[in-house]
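Everything on this sheet refers to the single structure shown next.
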Amino acid sequence: MAQHTIDQTQVIHTKPSALSYKEKTLVMGILNVTPDSFSDGGKYDSLDKALLHAKEMIDDGAHIIDIGGESTRPGAECVSEDEEMSRVIPVIERITKELGVPISVDTYKASVADEAVKAGASIINDIWGAKHDPKMASVAAEHNVPIVLMHNRPERNYNDLLPDMLSDLMESVKIAVEAGVDEKNIILDPGIGFAKTYHDNLAVMNKLEIFSGLGYPVLLATSRKRFIGRVLDLPPEERAEGTGATVCLGIQKGCDIVRVHDVKQIARMAKMMDAMLNKGGVHHG
């Protein structure tokens, strides 16, 4: 597959300021304002608690806060657009006003993404890669904001896992570009834990370099996921070390953004990996 040379500056065009992933791995801290997320459901569902947790994550090294109002865990309850908006919009407005940090909205609904960006979010993080809601790519294009296109599919009906994943992701890219999304605003996510078996997830982790080889920035979202729990035989809240191992491998294989719950530990690991890999061409310290 031909490599794209998208944006030599290696910048994600966020607000209030753009973020460079050339010299450091960007850490995206997860803020779930849901009652039923697999890892932290119900913990941050009040405005004050959500704001406090966002501030803690920024202090711990997060560059982006990813806010989600509907759990994406398998079997989670679907919520209406109105309910999702009522959860995320006040949090986005408050964090934008008080913390001034780039915010990502974790949604696959175009109407929610639209309102979230108007409220201050500057990245759309879509677990369906602009394939679930036909208006999603247009919303990203209209607002000229980055969009994370995650790999996903309704069934695990692969002929050949990795080539099929690349093909699926490039379909998402095509949808986005045809809707008017600037290629510099496209971020890819291999979708660890979505429509993949335990062995699929390990195989994808082992070949992450093929995704960074497409020429777009890559977001890796492995935090506390089930395949880590299966390897370590540990519950979600005890998977920070396992998550750290996946993040270190991901950074070595060219991932640019890591989406995590355990920001303090992972931000330190990312900084150490960046130094050892001489990311940005300047030795740290």
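Glycine is treated like the rest: Cβ placed from N, Cα and C.
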Recorded (7,8-dihydropterin-6-yl)methyl diphosphate site member, picked from T25, T72, T96, that accompanies D106, N125, D189, K225, R259, V260, H261 in Swiss-Prot: T72
Whole-number Å value for how far N32 (Mg(2+) binding site) lies from H261 ((7,8-dihydropterin-6-yl)methyl diphosphate binding site) (Cα to Cα): 10
Inter-residue Cα distance where the pair is N32 (Mg(2+) binding site) and N125 ((7,8-dihydropterin-6-yl)methyl diphosphate binding site), in Å: 13
Integer mean pLDDT for the domain 'Pterin-binding' (25-271): 95
